[in-house]
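Pulled from TrEMBL, these are the features on record:
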type	residues	note
BINDING	9, 11, 88, 194	divalent metal cation 1 binding site
BINDING	126, 149	divalent metal cation 2 binding site
């Protein structure tokens, strides 16, 4: 089956041969959100690769880095007006330091406030051990699209996110959490790789993840693969307005 290809969360800048991966993605016509971890990196890559057809760089401020690089908030706010895609942003409570967590919440709240005011942004959100606060900060009336990247929260936290209207991007490491995934409306599911983190391979990027995830989702939801493929395509186009 010739499935529609897309990846809502790829760390393109972490591959050793970035240009090789870019060529493969563009040649395969795979719509890709290339997240960044710092605002200064977004500025760098959007200048070089801003005209690509299928790859779109996202303005990011990774929660594991905001405490050390909090002085880059101004750079983020300077760029957010022109950036449609925002990510990777969010909260990470694997970090136990209270000052760090407080800084994360302050910066993420400012990001959400600014994106909400501007409208039309597509955010890919990191929520490790922090889904409760993510739900609280974003709320249920966000003026844009929220994609919960690699969700690892509880069923109750997921239900709140679903109620808030968020999307969920699923990768090959997350797909085995069948009971969690069953609670996500099929119309709110998207695909991601989070490469190279999910496969520990900074040399190669394979599109086979699309077929693999479609097969497993078809099994989880007891649907035909063609139905899943069609639904995912519709979800992606609605979520990112392509």
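Backbone N, Cα and C define each Cβ position, glycine as well.
Bear in mind that TrEMBL entries carry predicted annotations, made automatically and left uncurated.
In sequence order, 34, 35, 37, 194, 195, 196, 197 are the residues of the chain that are 6 or more apart from residue 11 (divalent metal cation 1 binding site) and have a CB within less than 8 Å of its CB. Neighbouring residues of the recorded divalent metal cation 1 site, listed in sequence order and excluding 9, 11, 88, 194, comprise 10, 35, 87, 124, 149, 150, 192, 193, 195, 197 (Cβ within 8 Å of the Cβ centroid).
In this structure, the CA atom of residue 88 (divalent metal cation 1 binding site) is 9 Å away from the CA atom of residue 149 (divalent metal cation 2 binding site). Close to residue 149 (divalent metal cation 2 binding site) in the fold, though at least 6 residues off in sequence, lie 8, 9, 87, 88, 90, 124, 125, 126, 127, 169, 192, 194, each with a CB less than 8 Å from its CB.
Using a 10 Å Cβ-Cβ cutoff, residue 194 (divalent metal cation 1 binding site) registers 23 neighbours. Neighbour count (other Cβ atoms within 10 Å of the Cβ, all protein chains): 26 for residue 126 (divalent metal cation 2 binding site). Residue 88 (divalent metal cation 1 binding site) counts 25 other C-beta atoms within 10 Å of its own C-beta, drawing on all protein chains shown.
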